Structures are given as C-alpha cells and as structure tokens.
Amino acid sequence: MIKYMTIKVTSDDFFFDGLSKEGNTDNPFGFGATQGNVLAFPGLNTLGLSMNRVDLARGGINAPHSHPRASESVVVIKGKVLVGFVSTSNVYYYKVLTEGEMFIIPRGLVHFQYNVGHSKAILLTAFNSQLPGAVIVSRTLFASNPPIPLEILTKTFQVDDGVINSIESKFA
C-alpha cells in the first residue's frame, strides 16, 4: 500500500517580498540585483519562471551577460535605460526604455542594461526559467579560476600582454 506524505502548504509558500528590497549599487558598476529565483523563493520550484529587481545608479550598468537557461523580459519601473543585445548574426538590437516600457531578450544572447537617465533606475526582469543562470562576459573571460591562458586572450583580442594583465587586475 502506498502511503502519501502530508505536506502543510500555507499562503507564505506562494509569497516573496524580495523585489521590494533595493539592491546595493555601491560598486564599480553601479548595479545591484535582488534575485527572485527558486533559490531565494522555493515556491517557484517546477513553475518555470522567476523575476529579479535590478537597481542601477546614475550611469550604472548591468554589464554584458547572458542567461543560458532563459529568455528575459525587461520592464522599466523608474528611470531611463538603454537595453540591448547582440544576435547570433552579430546584429545589435537596442532601445532606450522609460517607465512602463518593455524589451525582450532571447535565450542565451549577450545583453546589457545601462542607465542613461539623470537619476537611479529600477527594472523588473522576468525569466521563463526558475533558475536562468548568468554568464557575465567580463568575469568569464578575465576572472576565471584557473585563469584562461594569456596567449588565448591576447590572440583573441589582438592586443599585447599588458592590456590583458591590466584588464585582469580590475577583477582581482
């Protein structure tokens, strides 16, 4: 005979207040994110969706990155933000968004958000995955562990060792 485990589910299992919390933008990028994925909000388990709050200081950037497991919808709540991505055909698509406007970023493509307004910006980003993942291009290339061999990066970017060493020092 199969016995069923009784699980007590409450309204709290379907509630998350994290998006009301401002992200810390006191860093070189002027960027802070509050993640609302399955790790922060277990109620999302198996639902195939998540949301983040993104805070950008004036001039702040959510540096070029990609999400290997999700497409992304970006909605500006406050401010003026340049949002863009590069397609697999190397075409750059972008828009400057203001409050209430939305931009879609296909799964896996490198993209960014940059505050071009005169005050802080707040975005909500929604994903079609409970755990979209993030691959931050600069950190991937210049702060991997162990490091990518210098000759790979110098050949890729057609620069000398000093340029790569200088960039890597920013991520140490």
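The backbone N, Cα and C atoms fix where each Cβ goes, and this holds for glycine too.
Quantities reported herein were computed from a predicted structural model and do not represent experimental measurements.
Positions annotated as domain 'Cupin type-1' by TrEMBL: 17-165.
Counting every protein chain shown, the number of other Cβ atoms lying within 10 Å of the Cβ of Glu72 (oxalate binding site) is 23. Marked as oxalate binding site by TrEMBL: Asn52, Asn62, His67, Glu72.
According to TrEMBL, the Mn(2+) binding site annotation covers His65, His67, Glu72, His111. Residues within less than 8 Å, Cβ to Cβ, of His65 (Mn(2+) binding site) and separated from it by at least 6 positions along the same chain comprise Val110, His111, Phe112, Ala134, Val135, Ile136, Val137.
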